[in-house]
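As recorded in TrEMBL, the features of this protein are as follows:
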type     : residues : note
DOMAIN   : 17-266   : domain 'Sugar phosphate transporter'
TRANSMEM : 16-36    : transmembrane segment
TRANSMEM : 42-62    : transmembrane segment
TRANSMEM : 135-155  : transmembrane segment
TRANSMEM : 161-178  : transmembrane segment
TRANSMEM : 190-208  : transmembrane segment
TRANSMEM : 228-249  : transmembrane segment
Amino acid sequence: MTPAGAERLPSRAARLLSALFYGACSLFLVLLNKALLTTYGFPSPIVLGIGQMAATIMILYVAKLNKIIHFPDFDKRIPVKLFPLPLLYVGNHLSGLLSTGKLSLPMFTVLRKFTIPLTLLLETIILGKHYSLDIVASVFTIVLGAVVAAGSDLAFNLEGYIFVFLNDIFTAANGVYTKQKMDPKELGKYGVLFYNACFMIIPTFIISVSTGDFQQATEFNQWKNVLFIIQFLLSCFLGYLLMFATVLCSHYNSPLTTAVVGAIKHGWRPEIFLLNTGQAVQA
């Protein structure tokens, strides 16, 4: 009989598969969002984010109703248990969408590497985890290598730089705090995902309406294009999968592992794939 304590230790296969799942979801979502925001010229990354939050809420709620998954019902203690995850969640989501639309993919790849040292730093501060000098040196080697490799593609875009660095900070903080709050005796991984989306979808919708972002989305001229609609809905679904995969990877591994997998994924050149399939992206 397996000891109770042993069940808490994930197998090597679980760690590897969760990392691969996260990398695949993240890669395909970047490709799809880049196509929606540049090839089709969809003007509203915030509405795209709202769609991904709505997909998360609906999928998890239906799964809970059908007893496929379990997470606690709402009570007044849940906002306290979650804080500051909802704020980090929406900041990570929106800054990621905005940075994808404003930077070339090579530049996006380089700047996203800074998530790794930020994650290492926050794990040390918040979780009290300490890494060896070899790991610290490897982290900074990854960042340096990315800058050198993409040096010929660098182009200055102040707004894009700001959004992607904010995305780095939000991503690192979100990963570390998610790891801290995924106690199965409390909300668990499904509860963290569900209540994050619930708490932030309405404020995000209000921001979208007040900034004119929602109106631009409703007036977009591609809503009768079946291919665009399919890709928009697929982006919403992949947004949910990415949120789930991020939580799963951090649960079985660590936030630093999740950040490194994201860096490996960004090291692959998506614009080459898009050009080869005839779906040119202005990178």
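Glycine too: its Cβ is placed from the backbone N, Cα and C atoms.
In the predicted model, the domain 'Sugar phosphate transporter' (17-266) has a mean pLDDT of 85. Away from its own ends, the transmembrane segment (190-208) comes close to residues 44, 46-47, 49-50, 53-54, 56-57, 60-61, 63-64, 69-72, 74, 78-79, 82, 85-87, 89-90, 94, 178, 181-182, 214, 217, 243-244, 247 of its chain (Cβ-Cβ under 8 Å, at least six residues beyond either end). A Cβ distance under 8 Å defines the sequence-distant neighbours of the transmembrane segment (228-249), meaning residues of its chain 6+ beyond its ends; these are 18-19, 21-22, 24-26, 28-29, 32-33, 35-36, 40, 42, 48-49, 51-56, 59, 93, 175, 178, 182, 189, 192-193, 197, 222, 257-258, 261.
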